[in-house]
Amino acid sequence: MPIFTVSVRPFSSDLSGQQQPVDIPTDTFGTDEMKSEKISESEKGPSYVSQSAIALRYRVMPPPCIRNPYLGDASEIDADPFGNRRSKYPVFNPAISGNDGLSRYRTDFHEIEQIGSGNFSRVFKVFKRIDGCMYAVKHSTKQLHQDTDRRKALMEVQALAALGPHENVVGYYSSWFENEHLYIQMELCDHSLSNKKYSKLFSEVEVLEAMYQVAKALQFIHQRGVGHLDVKPDNIYVKNGVYKLGDFGCATLLDKSQPIEEGDARYMPQEILNENYDHLDKVDIFSLGAAIYELIRGSSLPESGPHFLNIREGKLPLLPGHSLQFQNLLKVLTSSLLPC
């Protein structure tokens, strides 16, 4: 298969905002990537099911409709019109591949490079073949065999879909299950603040701008009854100078009607560590203050010890070279919760 070079312009710009062409080696439709693995007769056990049979099964019986708990009117309507059919298939079994038996990820996208990873997922920079644009695709690192694992993974997707677009929230486009992995197609950003924090110290003006824009994102999601619960520099992204809140893997409802799984303990207030979930919106405010404090001091927050406790009481040391107004603002943010 010959290799071609495609020049594309979307999502590629320098700091001045000028569009720059990007050369991407493509393989047309990735024929080699999508070749089915051949299985010998000796490898076919008594329980062997061919890929074509699996694809046919999911053309006939698609996965069940899933109720989105983040939609405000979800309790007032029948969110699953096919509930009577689901009773025959109580376990949610996502398709191993697309309806034609091919990988949707390999068919729709050309993988450029890995740009991020976590405990449960990896993120890749990809080129979408059909529209010529760059995206980020996040997919789970382990197969989600259990129904409970799949529904837990879907919480991030459902939160993003229910929230809708906002300038300061990383954009969500699509999601699907493939080979029992969850794939999420999202907006591609330039970098997260975690990639910058050790290269140079942030100025007071820079962190105030980041704080303001992330605060707008938090106001947006809180007004819709959603808490993030994992605000930290790693989850604050930058695209063309705009700060965006991303990674909603710990998102939950503020009314505590959904399971609560807090994020990184370094950015969590003492109340959450004591399993007091009465003020989930203020948890995000504390986390934002802790994240900004980390950026301005230029080093990671402690995981334990006296300084760890002092931060949770708003007892921050003086920051030389920064205004008292700014330092007082940090103290307010990190002592925003009510006493236990």
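Glycine is no exception: its Cβ is also placed from the backbone N, Cα and C atoms.
For reference, TrEMBL has these:
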type	residues	note
REGION	12-45	region 'Disordered'
COMPBIAS	32-44	compositional bias 'Basic and acidic residues'
DOMAIN	109-340	domain 'Protein kinase'
BINDING	LYS138	ATP binding site
For the domain 'Protein kinase' (109-340), the mean pLDDT of the predicted model: 91
Tertiary neighbours of the residue listed as 'ATP binding site' (same chain, Cβ under 8 Å, six or more apart): GLY116, SER121, ARG122, VAL123, PHE124, TYR183, ILE184, MET186
